[in-house]
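Colleague: Annotations per Swiss-Prot:
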type: SIGNAL; residues: 1-24; note: signal peptide
type: REGION; residues: 57-68; note: region 'Important for receptor binding'
type: REGION; residues: 74-149; note: region 'Disordered'
type: COMPBIAS; residues: 76-90; note: compositional bias 'Polar residues'
type: MOTIF; residues: 108-129; note: motif 'Nuclear localization signal'
type: COMPBIAS; residues: 109-118; note: compositional bias 'Basic and acidic residues'
type: COMPBIAS; residues: 122-132; note: compositional bias 'Basic residues'
Amino acid sequence: MLWRLVQQWSVAVFLLSYSVPSCGRSVEELGRRLKRAVSEHQLLHDKGKSIQDLRRRFFLHHLIAEIHTAEIRATSEVSPNSKPAPNTKNHPVRFGSDDEGKYLTQETNKVETYKEQPLKTPGKKKKSKPGKRKEQEKKKRRTRSAWLTSYVAGTGLEEDYLSDISATSLELNSRRH
């Protein structure tokens, strides 16, 4: 019995280890066929995807062809209780009076054409001294605070501050012109 078991095992090992041609190919070639490069896998994947896309396009084209060639139903065969289609409603041509468009908030029917403003020519910018603005702001603050203190305190300093303010306003006006 042991001898018979050894014979069966040896035949099985021999058959498994020996490359027997299958359909005209050896077992090694069949094994190589299963081992594909990444580029081959990508190619097959892309090919399958394109075939699936083509089938989808044919299917959609077939559906669209059915939609476009569908028979148009006659509108005279409408049941008495059904609602009319939204595009068959009879709306009046004009909704308001004739002078409705004349009194718009925005004037859209102007006879005059739009006149373009002349473009400003770029000129030299005036260079100012860096501390000049700060000095002017300080003067303004002084005059404001002086007005408040003189108003609250009731001292007779209003005249001095008025003359100071008029002097600064004259300076500003002369610089602007």
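Sequential numbering from 1, following the chain as shown.
Backbone N, Cα and C define each Cβ position, glycine as well.
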Colleague: Going by DSSP assignments with H, G and I as helix and E and B as strand, what are the residue counts for the region 'Important for receptor binding' (57-68)?
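Modeller: Residue counts for the region 'Important for receptor binding' (57-68) by secondary structure: 12 helix, 0 strand, 0 coil.
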Colleague: Taking every residue in the motif 'Nuclear localization signal' (108-129), what is their average pLDDT?
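Modeller: Looking only at the motif 'Nuclear localization signal' (108-129), pLDDT averages out to 62.
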